[in-house]
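Read through the structure below, which is laid out as structure tokens, and then see the notes.
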């Protein structure tokens, strides 16, 4: 059910084709496409915000309180362009970035990174071991359901490290995935119509004084 909302977008983890010819009609067509894309973006993000959960935390039978996300001001959204960490530090920014990656079918990267962040905060050796195995089976091993793109040597090292799990088991892989997102997905997110719309300041309404 959840994945069905994202099947209308491109699958190649790259920007959409912007070619739509030239001339007034083509310009009108492009503007219509942009409005449609922006509307789809807002629908996807709204759905994602209502149904998102931390990938590092297991789901329980109890109903969890819905997370509250406050839409940023244009000035706050513009800060996300200064550094990738600024985007990740914002709850709304992180949720928007996750929705963006999901629309490009690349969400495994941010989900792995978040799972590693949760993993590093774990204190109990028993929980550390069980979480390490889950991250490995979800993201690392061959044909994992959310397999990330890392080299064979790093995968082998992780397989050895999780036998006696420590908080640094996934450090190398997490750094590589972070770098991949920072240099690839992050710039495309900043160019997306959704992000550009967040940065736009609403037009000021001026009222003319009544003639006396």
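Cβ coordinates come from backbone N, Cα and C, glycine included.
Feature annotations, reproduced from Swiss-Prot:
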{"type": "DOMAIN", "residues": "83-199", "note": "domain 'RGS'"}
{"type": "REGION", "residues": "11-33", "note": "region 'Disordered'"}
{"type": "REGION", "residues": "32-66", "note": "region 'Necessary for membrane association'"}
{"type": "REGION", "residues": "48-69", "note": "region 'Disordered'"}
{"type": "REGION", "residues": "79-116", "note": "region 'Necessary to inhibit protein synthesis'"}
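Summed and averaged per residue, pLDDT over the domain 'RGS' (83-199) gives 95. According to DSSP, the region 'Necessary to inhibit protein synthesis' (79-116) comprises 30 helix, 0 strand, 8 coil.
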